[in-house]
Structures are given as C-alpha cells and as structure tokens.
Amino acid sequence: MEDKKINIMAVLSITALIMFIIIARVSLKLSRAFFLIAGAGVAIILAVFACLLIRRRYNDRRKLLETKMVTEGRELRIEYSFLRKVAGVPTKFRPGELEEATNNFGVLLGKGSSASVFKGIISDGTCVAVKRIEGEERREEFRSEVAAIASAQHVNLVRLLGYCCVPGGPRYLVYDFIPNGSLDCWIFPAGGRGSSNCNRPSGCLSWDLRYKVAIDVAKALSYLHHDCRSRILHLDVKPENILIDEKYRAIVADFGLSKLMGKDESRVVTTIRGTKGYLAPEWLLENGISEKSDIYSYGMVLLEIIGGQRNICLIENGRDRSKSKWQYFPKIVNEKMREGRVMEVVDHRLIESGGVDEKELKRVVYVALWCIQERARLRPSMPSVVEMLEGRVTVDEPPDTQMSIVDFLSVDEGPRAIGRNRPNIITLATQVDSRNYPPSSTCSYPISIVSPR
Ligand SMILES: Nc1ncnc2c1ncn2[C@@H]1O[C@H](COP(=O)(O)OP(=O)(O)OP(=O)(O)O)[C@@H](O)[C@H]1O
Ligand SMILES: [Mg+2]
C-alpha cells in the first residue's frame, strides 16, 4: 500500500515537472531562465528515478530476507519443538492451534468422567490426543496430571507433549496419540457389560499379549513408585486408563487423580479418589493410603485381563429382578485356584483359540491374589511383581482372603443395587475392624472423586 502511494506520487511529480518545463519553454522561449528551470527539472526527475530504483532494490532485498527468516523461523520452531519433545518439556499451545490441530474437536477418541479426548495433528505433523478438561472444579485434576506426568518418562507411560489454559475456560492436555485405544476394548467382549466405550479399535487380545500387557503395566507402576524423583501414586489404575499402542505395548495414561508423595513418606491422607471396583480397602479402613493402593487396583486389573470380564457383575435371573445376584469374580478365582481348577477362570475365548500356558496362568493368578490382599502390607511391591511375572522368582500360594470390604467398594450404587442386602459402609468397617485392622479406621471421608464404572 505504502509502495503504491509513493509510486503514484513520483509519477504525479514527474508529470508536473515535465508540464512545468513545457510551460516554461512556451513562455520563456530559449532564454537563460528556461535553461536553468529545465536543468533543475531534469535533475529532480533523475533524482526521483534514482530514489525509486534504490527503494525498489531495498524492498526486494527486504522481502527476500523476510521469506528467508520465515522459513528459518519455521524450521527453528520445528527444531525447538523437537528438542522440547526429546527433552520431555511440554509446549504451551494457543487455543487456536488446538482448534486447528483437531479440526475443531471433530474426532472424539474417548470420554471419561472428567474429560473428552480428541484426535489431532499439530504443526510439526505429530499425531496427538487432546484431552479437554471442562469446569473450574477440575482445576486440581489438571494440575495433578501435569505435575505427575511432566516429570515422568517411561516407555510404558503416555507422553505429555503440551498443555493449554484458557482463563475461565477449558484446560487442555496434549498427549502422543496411541492408536489402539484402551485395554477395556481388548479384553471385554464387544457389546458385553464391560465394553462401554468400544466404537474404537477393539478385539480379543491373545494370551501372550495379555501377559505382556500385565508386565508392561507392572513396569510402568514400578517406575512411578520407585524410580521417579518423588513417588507418584496413580490412584486410578483400570483398563480404561491403560492404552494399547501399535505394537500392542501397554501405555499407562490418565494421571488426573494421581498424587505425589515424598520418598520418605509411607502414607498420604487424601479424599477417596478412584473408580469403584478398583478401590483398595484402606481407603475406608486406614488412615491414609500408599503405593499399595495402586498395587491393589493393578491386581484387580490382572483378574479382569485373565477372565475377560468385569470383576463384579450382576447375574440377572430372568424377569425376576429380586433373584438377581452380584457375582464377584475375585472370589471365584480364589476358590477355583484352591480347588486346582484354575483353567476354568480364563476368558473362554482364549480357551477356544488355545495357547493359554497353564504355568503362566497360575503365576498371574497367584500374583493377582497377592496384589488384592486386604492387608496392604501383604501385597508385593511393584518391582517384585515384575520379577514374579518375568519368572525370575517363584511365587508362593497367596493366603486365603475374606474379601468382604471389597464387595462394598466394587458395586455400583443405583436403583439396581437397592434391596440386595448389601452391607452398609459402617457395618463393613466394624466387621473388618474386628479382624484386627488398625483402630484408625474412621469413616469420615469426604467422598469426592469416585467414578462409577
Ligand atoms: N493418548 C491417547 N491416545 C488415544 N486415546 C486416548 C488417549 N488418551 C485417552 N484416550 C482415550 O480417551 C479415554 C478417556 O481418557 P482419560 O482416561 O484420560 O479421561 P478421563 O476423563 O480422565 O477418564 P476417567 O473417567 O478415568 O477419569 C480413554 O479411555 C481412551 O480411550
Ligand atoms: Mg480415564
């Protein structure tokens, strides 16, 4: 625009000067004054031409430099984002960038109790999963998630690439996209009670892959509990929060409920958080929780991996709802294991396709039953679980457990649960207390973040 104005002004002034010289020629004839005016006019015209030429050259060079800088800047940005990624430093995104990356949040990958996750591609071509956390009350979850995952780097943990905060609006977390979705779609039969979220990649994982997934998750938790600068408790270990990558490796995700714990602390006191069916009894009984609560949830997930079914389900009895019964899978596994009929608890689809190694199965069942011991101190640590699953140490037969409190912690509240003679929270707490649990078990927990399944 500026250039155009200057060019017009130059043309106008040159035209005016020429006109002036012509008028001078007519009125002054070939006098000395005319030659003086004509000389000055021509000099000015030449000067204007010279200025235009210099300006044009200067502009060309500037444009060249600008394009060079833009290209270099883009390359630098890509390189910078690559270096940040390698160093594990999350990038701050602008809301517009995320809208563009996700095509205006067009492809939903999954929805949990606190967030929706969308597929996207960011400017350097990386495929990402953008988690949108709505609501001011979820601010704490956003913080926990960033605090926990930003400092953790492990092949079996999802990688945080960036974040974005809109004042008063939603918060976003940008993760590596994990193409095969979550574990629930790979262990629970499609359309069954367990498969809530399965319009995504799904199938029936073979026994070998299930065993590998079990080890991967154990390694991730072992890293969080023992190898990070501060101990990280995940506190929401369940199949929906375990993702499966293109090589069928398990990737632990969703750190929204996680808690950082000093290495010298043995317990932390916090509000009940997690998902029914995976909550350890100490949430109700003891004064604080520890990494052993994650180990309990992990044991529950192991059982679901083995059985291909949710640990707790309601067995309907025809039309008569009053005759429906809650079936608690861990109890069945415990009984079958003691009767030496452990093969009967495996996902029947795996039995049909063959390939279940009975020795491995027995090992996983033992490990799972050790992990879900009601007394937290009896549960093995995550590094020992890895060793046991990898067959480097032998696993002893786990002690028999009553599993009375777990019933309560597992069952979904709701109209279907009413009138099923389920014990209430206080009764259970006293029952278990009387079996020598520490007297610290008060029931004044502010129940805050417990998701139904
Ligand atoms: N990185 C990812 N790649 C692919 N899919 C993902 C990714 N992260 C999450 N998902 C999908 O989105 C779903 C919900 O994500 P996430 O568990 O993080 O949300 P949430 O609201 O915190 O869940 P919760 O109900 O456990 O609190 C997951 O179960 C999974 O199917
Ligand atoms: Mg989740």
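Yeah, the Cβs are placed from backbone N, Cα and C, and that goes for glycine too.
Database features (TrEMBL):
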| type | residues | note |
| --- | --- | --- |
| TRANSMEM | 7-28 | transmembrane segment |
| TRANSMEM | 34-54 | transmembrane segment |
| DOMAIN | 103-393 | domain 'Protein kinase' |
| BINDING | LYS131 | ATP binding site |
Cβ-Cβ under 8 Å from LYS131 (ATP binding site), same chain, 6 or more residues apart: which ones? ALA115, SER116, VAL117, TYR172, LEU173, VAL174, TYR175
Same-chain residues near the transmembrane segment (7-28), Cβ under 8 Å, at least 6 residues beyond its ends: 34, 37-38, 41-42, 44-45, 48, 51-52
Overall pLDDT of the domain 'Protein kinase' (103-393), taken as the mean: 90
